[in-house]
Protein chains: 4
Amino acid sequence: TLSREFSTTSTASYSSSDEEDDISPRERPQVNSKGFTDFCIRNIKHADFGRREIEIAEQEMPALMDLRKRAQGDKPLNGAKVVGCTHISAQSAVLIETLSQLGAKVRWCCCNIYSTQNEVAAALAEAGYSIFAWKGQEEEDFWWCIEKCITADGWHPNMILDDGGDLTHSIIKKYQTIFRGMKGIVEESVTGVHRLYQLAKTGKLSIPAMNVNDSVTKQKFDNLYSCRESVLDGLKRTTDIMFGGKQVVVCGYGEVGKGCCSALKGLGSVVYVTEIDPICALQACMDGIRVVRFHEVVKTADIFITCSGNKNVITRDSLDKMKNGAIVCNMGHSNTEIDVASLKTNDLTWEKVRSQVDHVIWPDGKRIVLLAEGRLLNLSCSTVPSFVLSITHCTQALALIELFNAPEGRYKQDVYLLPKKMDEYVASLHLATFDAHLTELTDDQAKYLGLNKSGPFKPNYYRY
Amino acid sequence: TLSREFSTTSTASYSSSDEEDDISPRERPQVNSKGFTDFCIRNIKHADFGRREIEIAEQEMPALMDLRKRAQGDKPLNGAKVVGCTHISAQSAVLIETLSQLGAKVRWCCCNIYSTQNEVAAALAEAGYSIFAWKGQEEEDFWWCIEKCITADGWHPNMILDDGGDLTHSIIKKYQTIFRGMKGIVEESVTGVHRLYQLAKTGKLSIPAMNVNDSVTKQKFDNLYSCRESVLDGLKRTTDIMFGGKQVVVCGYGEVGKGCCSALKGLGSVVYVTEIDPICALQACMDGIRVVRFHEVVKTADIFITCSGNKNVITRDSLDKMKNGAIVCNMGHSNTEIDVASLKTNDLTWEKVRSQVDHVIWPDGKRIVLLAEGRLLNLSCSTVPSFVLSITHCTQALALIELFNAPEGRYKQDVYLLPKKMDEYVASLHLATFDAHLTELTDDQAKYLGLNKSGPFKPNYYRY
Amino acid sequence: TLSREFSTTSTASYSSSDEEDDISPRERPQVNSKGFTDFCIRNIKHADFGRREIEIAEQEMPALMDLRKRAQGDKPLNGAKVVGCTHISAQSAVLIETLSQLGAKVRWCCCNIYSTQNEVAAALAEAGYSIFAWKGQEEEDFWWCIEKCITADGWHPNMILDDGGDLTHSIIKKYQTIFRGMKGIVEESVTGVHRLYQLAKTGKLSIPAMNVNDSVTKQKFDNLYSCRESVLDGLKRTTDIMFGGKQVVVCGYGEVGKGCCSALKGLGSVVYVTEIDPICALQACMDGIRVVRFHEVVKTADIFITCSGNKNVITRDSLDKMKNGAIVCNMGHSNTEIDVASLKTNDLTWEKVRSQVDHVIWPDGKRIVLLAEGRLLNLSCSTVPSFVLSITHCTQALALIELFNAPEGRYKQDVYLLPKKMDEYVASLHLATFDAHLTELTDDQAKYLGLNKSGPFKPNYYRY
Amino acid sequence: TLSREFSTTSTASYSSSDEEDDISPRERPQVNSKGFTDFCIRNIKHADFGRREIEIAEQEMPALMDLRKRAQGDKPLNGAKVVGCTHISAQSAVLIETLSQLGAKVRWCCCNIYSTQNEVAAALAEAGYSIFAWKGQEEEDFWWCIEKCITADGWHPNMILDDGGDLTHSIIKKYQTIFRGMKGIVEESVTGVHRLYQLAKTGKLSIPAMNVNDSVTKQKFDNLYSCRESVLDGLKRTTDIMFGGKQVVVCGYGEVGKGCCSALKGLGSVVYVTEIDPICALQACMDGIRVVRFHEVVKTADIFITCSGNKNVITRDSLDKMKNGAIVCNMGHSNTEIDVASLKTNDLTWEKVRSQVDHVIWPDGKRIVLLAEGRLLNLSCSTVPSFVLSITHCTQALALIELFNAPEGRYKQDVYLLPKKMDEYVASLHLATFDAHLTELTDDQAKYLGLNKSGPFKPNYYRY
């Protein structure tokens with residue numbers, strides 16, 4: 001692979017050899033070629049392959065590489081000791097090594113028992129990083145790895161980089177002293193952010209936290225631009241369907257829905273939208289899309305895509321009415337949108353046709369094509385482009401720098417958005433990829449607009 | 001005309017007969033067919049023509065008509081006494097008559113000395129409304145009309161509907177007692193809103209005000225959707241240019257710029273964008289548009305369109321470099337974007353080629369085609385569709401209802417945005433036009449999302 | 001105007017002063033500033049204005065100007081004596097003067113009694129051309145002008161450039177000797193071409209003729225590219241309608257229909273197509289457009305556009321079913337598509353709302369908005385861009401050159417298409433406008449493809 | 001798989017178990033469950049799996065299924081004895097069984113040593129068809145299979161269905177008597193058609209042949225619509241690249257190039273075109289695409305796609321100039337477009353990164369990403385949708401019916417295009433998939449247009 005983020009499909013293919021390794025990494029000797037032993041990964045022998053993956057990823061993540069260069073003189077993370085818990089991929093490795101070059105010390109584990117690329121973990125260990133992660137952990141291993149990152153001889157972590165909140169909550173529960181002494185938390189997931197706001201509400205958040213999930217730049221790429229491509233890819237890889245002329249129902253016209261509709265229309269599909277919000281519905285109208293209720297199109301459409309963030313948007317009743325061959329999938333933020341459980345009844349037969357593709361067969365022979373069992377199509381059946389991860393990881397790095405260097409009192413015991421100016425900076429670091437040239441304000445213009453020449457250029461709420 | 005908002009071009013053609021009327025309306029007897037005399041307009045004889053214009057506009061403003069029906073029972077504006085100061089067009093007449101049907105009493109004048117459609121003013125006067133407005137007023141007339149709306153026997157206005165702030169400031173200056181007793185102000189223009197925030201800052205705003213300019217629905221229509229159409233119309237009507245294959249530079253990729261680019265790409269133009277904001281620049285990249293600095297394209301492009309909200313975006317230096325026949329125009333929010341003054345030098349010859357079209361000729365014979373002398377192309381050389389005004393006027397009506405009926409204490413002495421829920425309501429009233437059918441949340445779904453079934457469906461900051 | 005072809009609307013505005021001239025041009029003295037008298041036009045005093053129009057048109061017709069330069073050395077039309085009968089516009093003036101510079105002698109009249117721009121005719125007369133044309137001729141004048149072009153002292157025309165066939169048929173009927181001695185005919189209109197094929201079939205075409213109407217380049221511009229823009233312009237200028245979200249029915253998915261649909265979709269309309277040809281219908285499907293029968297959408301659509309080339313595509317029965325405010329217009333090749341005659345019944349009221357806009361009012365008050373009384377919207381309510389005319393006139397010039405210089409025997413007594421290679425040459429002359437750079441075949445590649453390096457590059461039938 | 005045509009990638013995965021079968025099918029006993037033995041395939045045990053694939057394909061090929069129903073009464077191929085030589089896929093199986101149901105007797109082999117889906121061949125053999133085909137034949141096996149189809153006891157074939165011409169030429173060389181007695185040939189490939197025209201030129205084509213490759217409907221789908229989707233799919237599956245903002249050079253703006261450009265623009269790529277033909281170049285301009293020479297963009301573009309049909313469009317010299325990470329691939333009709341041979345020099349290192357993906361590495365470390373070693377991206381790295389094959393196979397079936405039933409003398413010893421009317425019929429059979437409803441001409445309209453109500457609706461040359 002040139003560059004792939006974690007996904008069941010894609011990593012499955014790399015790691016087939018791992019199945020041979022029956023012994024748990026925790027029971028195997030762990031030592032790299034220089035005698036370093038403070039890590040725990042699957043197999044150090046795969047370090048070379050992992051290093052090549054990292055090198056390729058570096059080429060596609062110019063912003064982080066740029067950051068290394070720009071910030072190298074003054075090493076803005078000198079003194080930072082970061083505990084990290086994320087997916088372990090070639091792209092996150094580029095982040096880890098960037099933090100290190102900016103002066104930070106790090107210990108790192110994986111936020112999901114399946115989401116480690118073993119070869120990449122090996123390459124990091126070989127390079128001397130304390131990595132505790134492998135693919136296919138037991139639950140118990142998972143918490144053990146987190147522990148190993150929090151505590152170690154002479155290790156007094158002062159920052160958290162988290163994805164999901166498990167690391168943060170481990171520290172809060174068991175290591176309150178460490179927690180209270182920290183400079184801050186950077187959290188990237190919807191779930192983790194939600195948990196942080198809960199903490200803040202209940203007064204348990206004793207240090208500042210930065211919600212990078214809702215950064216403008218990251219949001220646009222995670223939702224609009226990423227889904228615009230992955231909806232096509234996910235559907236094509238699984239079903240080989242031709243998009244031209246197909247009738248597609250997209251449930252929800254937020255950023256994800258807008259991305260899906262735009263891509264499908266570009267290839268000649270006839271798109272319908274369902275919406276609960278009249279403002280989004282009116283936007284669909286103005287984009288030339290018919291806004292319908294589900295029952296109006298359930299019998300005639302060829303493809304159904306949920307991206308509403310809601311639950312039971314597609315019910316058994318609807319599935320009963322769909323025509324033979326209809327394809328049903330989900331691009332929303334969880335697997336609740338399609339009521340998959342309702343399909344597990346005795347009268348229906350499930351037939352696994354391909355990886356991530358099930359035919360659900362009705363007594364009369366009607367087949368519904370269900371993708372990824374209703375989980376996220378974009379993660380399960382497509383890949384996340386390096387460029388999207390470059391945006392995410394760059395945002396995380398800048399959030400760490402901001403929290404670590406912020407003057408006393410700028411951030412309190414609360415959850416913050418990344419300052420607009422740094423959000424803009426993330427974007428600016430990615431313009432070179434497109435050979436895009438930014439215009440600078442003259443002094444006169446800056447004064448006229450009442451803006452600082454280096455930004456921020458828009459109010460915080462601006463996110464068109 | 002089926003439906004046209006004020007614009008120099010369009011109204012010019014209707015009102016040619018008015019030039020005959022040399023006597024100022026203030027010196028002419030004013031009486032309608034029923035003997036009513038409390039108004040001052042150009043010529044009551046044109047009332048029939050104006051009434052037909054209003055009737056046609058009613059057909060294209062279903063939301064206000066709908067509001068009339070829905071709110072007629074309880075007449076939510078019973079007791080409201082509104083002084084209004086807006087453009088006087090068929091569309092604003094529909095607003096005025098709607099307010100009246102909702103229970104309000106009104107007196108109305110025009111916010112611009114040129115922007116009254118005389119026939120419409122006549123129709124309103126004939127129907128018994130106290131209208132003080134005509135096209136081509138003197139400065140002195142303008143203030144006189146405002147006065148006539150504020151004070152009258154037994155008239156104690158308690159609400160202001162303003163467009164630009166002149167009415168509001170007249171009242172503040174001269175009628176503080178009236179002002180302090182009022183329920184609130186609804187203001188629709190950028191300028192007027194700016195003035196309100198200034199008042200609030202300096203503690204001079206003793207009543208609540210509603211900024212309807214920044215309502216989500218209104219903004220989308222005023223900027224993105226409206227400009228998407230008017231950029232084509234404005235350029236075509238003035239220059240007859242073919243868009244296919246033309247190289248166009250759009251300065252600014254905000255909502256207006258996005259609308260312009262989308263429309264031009266749809267007709268086969270090659271579009272370039274200049275931007276100061278890296279986030280907007282990155283959006284342009286992801287939309288397939290090259291982001292350049294002005295000097296990179298100044299010599300080769302065919303058309304230049306400013307929509308940055310900035311000043312001197314196109315300077316004399318740039319104009320000197322453009323090629324023969326280049327077209328230069330402005331879609332931004334004022335006439336500062338093109339440095340038109342810099343073209344008024346002795347070495348250049350101006351040749352008026354058509355209404356709103358000047359050729360500026362360089363000594364070597366090079367001609368630059370300047371549209372509307374750098375004023376807004378969309379207002380000067382195109383028309384504002386009734387549908388856009390329907391959104392605006394519906395928003396104004398709902399803002400009045402909200403302010404008038406709000407329980408004590410909901411609004412203080414400050415400037416407010418229209419509540420999200422009412423913003424959504426404006427949108428919902430316009431869905432029928434497109435035969436769009438909104439989906440309703442089930443109880444279960446509403447609970448899952450933590451939403452009220454009738455909205456609001458999004459947080460206030462949501463405005464993608 | 002920068003550049004407008006003939007249209008009722010546009011010329012109306014220029015020529016208002018002509019109404020003063022009550023005396024027929026035929027009865028007025030005709031002499032230019034150098035004493036030249038062999039012409040008949042409205043008013044020689046307007047020559048300066050016309051000359052400026054021609055100069056502006058020259059800037060937008062670079063291909064003809066280029067042809068002047070390239071072919072000037074050997075003057076390929078030396079000896080050609082061309083009788084021409086076309087619209088007289090600034091653009092056709094550029095053609096006439098180009099032919100002259102290439103060596104031809106010309107006499108010229110107008111192919112339509114309304115389609116002369118008087119100022120341009122004046123400019124040509126002032127420049128010494130024998131022009132016989134004015135706006136608002138009587139039928140008798142029309143034929144008189146044609147006569148004056150065919151015969152004159154010492155004038156032995158040997159080529160015809162015709163638009164509609166009236167000139168050709170006059171010569172065939174009355175001047176068989178002249179006709180038989182000619183080198184050939186170049187004809188540009190559908191009608192004229194049809195008449196030529198009839199002549200050929202019946203053996204009456206004693207000289208070769210070239211059908212330039214069906215040249216590939218010209219066809220693409222006349223239909224696809226031209227209509228893509230004029231459908232928007234024609235609708236907007238007449239109705240000020242907003243396109244976003246509107247439901248539009250396009251009858252016919254040939255080149256004109258494809259252009260209309262593409263433009264409307266680009267602005268957010270919901271488009272439906274009706275078709276009789278399954279191949280075109282399938283193309284519409286693959287472009288994401290629903291293919292319907294008229295009755296399925298007649299009651300709900302907002303706009304109906306015919307471009308089928310057929311007759312009675314919209315019948316009275318359909319018009320009876322349309323909803324209030326529906327807009328009906330025609331972009332096809334004649335005024336037969338809408339059965340306008342069926343609307344001239346006593347129960348319906350016609351109300352002229354604007355130039356080219358009629359409201360037809362049903363007894364129940366329903367209004368249908370009929371544009372240009374069913375004539376061509378693109379000609380009646382929009383303008384033909386100079387660039388399109390540049391293609392057409394360049395094609396005509398090359399056809400004349402080809403016929404005049406073709407070796408004996410290449411063309412027989414038949415109707416021919418312009419050779420593919422010259423068709424390609426027309427296109428190549430227009431690439432500079434777009435700064436487009438053609439790639440040249442290497443010797444090796446040309447051999448591989450079996451092509452001559454200078455074309456033709458495709459078989460004759462290739463016209464995707 | 002739901003439905004995939006032959007491609008190295010896709011079939012590779014299905015047939016892995018076949019590698020176990022070391023014994024050549026020719027040496028194994030061949031007998032199905034009913035004792036039938038006149039076939040030769042890999043393994044009859046896989047018949048069930050193949051049958052399911054065929055059944056799924058049937059659902060996506062409604063036109064052939066429809067043809068079975070419509071033509072079943074009179075069995076238009078009664079008496080036809082067809083030798084077939086095509087890829088053996090689920091889709092071609094639907095064709096074979098359709099021909100059989102229409103009355104034909106058939107014997108079938110595979111036109112490529114790799115392009116047999118063994119399971120499908122097994123299913124056909126099990127159903128009693130004489131199939132001689134397996135995946136991974138030796139050259140000798142290939143010709144042996146062809147022989148087995150031509151000759152058999154009591155088998156006197158009278159029609160050929162060929163894909164590539166190998167079957168046809170075998171018969172011509174060795175079985176002239178059989179050949180001369182035949183009713184006709186149906187050929188679908190570019191190569192095969194080329195060979196037929198050569199035969200016709202040299203007088204060796206003693207029976208009529210039908211070129212179905214150039215049918216309008218088939219062409220549109222094979223090129224424009226198919227490539228519009230497969231260019232995205234092929235690039236994404238191999239490189240996971242994000243399309244938004246990427247600069248892409250498309251060499252050639254024929255139907256394939258138009259499809260590629262349209263798809264890439266739809267996802268936000270910045271597209272450039274190179275062209276040799278000025279007409280196609282001008283089309284690119286009017287579609288908003290810059291037309292450049294290769295050297296203008298070679299250093300800056302991210303992706304290069306050839307679809308010119310030419311050779312050496314991308315040379316070693318160009319590859320030397322590309323930037324690090326540039327992706328190079330081919331969508332044209334053969335593997336000549338990229339000079340891959342020139343990359344096989346000692347100074348460059350090739351690294352196989354994935355199936356179908358090579359990194360070619362320059363001495364300075366620059367990597368060029370070469371896809372499918374310059375072979376067709378759409379076939380090598382994507383799939384051909386069933387719908388496209390439905391069009392192709394339906395066209396073949398109708399061509400056979402036409403040739404078999406044509407009255408004496410309609411077809412001579414020449415190569416013909418499918419009659420327009422049947423081409424239209426192919427399209428009409430596919431409209432139901434899109435719920436598209438064709439409009440019928442009234443008698444009056446048909447007369448006006450001079451058309452038969454059942455078509456053909458356009459002249460033969462019409463193929464916009």
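The chain as shown is numbered from 1 upward.
Note: Cβ is positioned from N, Cα and C throughout, glycine not excepted.
Automatic prediction, not curation, is the source of TrEMBL annotations.
Copied over from TrEMBL:
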- D:1-16: compositional bias 'Low complexity' (COMPBIAS)
- D:1-32: region 'Disordered' (REGION)
- D:223-384: domain 'S-adenosyl-L-homocysteine hydrolase NAD binding' (DOMAIN)
- D:Gly254, D:Glu255, D:Val256, D:Gly257, D:Lys258, D:Gly259, D:Glu275, D:Asn378: NAD(+) binding site (BINDING)
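Model confidence over the domain 'S-adenosyl-L-homocysteine hydrolase NAD binding' (D:223-384) is summarised by a mean pLDDT of 95. Between the listed binding-site residues, namely D:Glu255, D:Glu275, the fewest other CB atoms within 10 angstroms of a CB are found at D:Glu255. Checking the binding-site residues D:Val256, D:Gly257, D:Gly259, D:Asn378 against chain C with a Cβ-Cβ cut-off of under 8 Å leaves no residue at all. Of the listed binding-site residues, namely D:Gly254, D:Gly259, the sparsest CB environment within 10 A is found at D:Gly254. Under the DSSP three-state reduction, D:Gly259 (NAD(+) binding site) is assigned to helix. Our reading of the NAD(+) binding annotation (D:Gly254, D:Glu255, D:Val256, D:Gly257, D:Lys258, D:Gly259, D:Glu275, D:Asn378) yields a largest Cα to Cα distance of 21 angstrom. Every protein chain considered, the tally of other Cβ atoms within 10 Å of the Cβ of D:Val256 (NAD(+) binding site) stands at 27. For D:Gly257 (NAD(+) binding site), applying a Cβ distance below 8 Å and a minimum sequence separation of six or more within one chain yields D:Val250, D:Cys251, D:Val273, D:Cys280, D:Cys307, D:Ser308. The C-beta environment of D:Asn378 (NAD(+) binding site), restricted to residues of the same chain at least 6 apart in sequence and closer than 8 Å, consists of D:Ser226, D:Cys227, D:Ser230, D:Val231, D:Gly234, D:Met331, D:Val384.
Within 10 Å of the C-beta of D:Lys258 (NAD(+) binding site) we count 24 further C-beta atoms, all protein chains included.
According to DSSP, D:Asn378 (NAD(+) binding site) sits within a helical segment.
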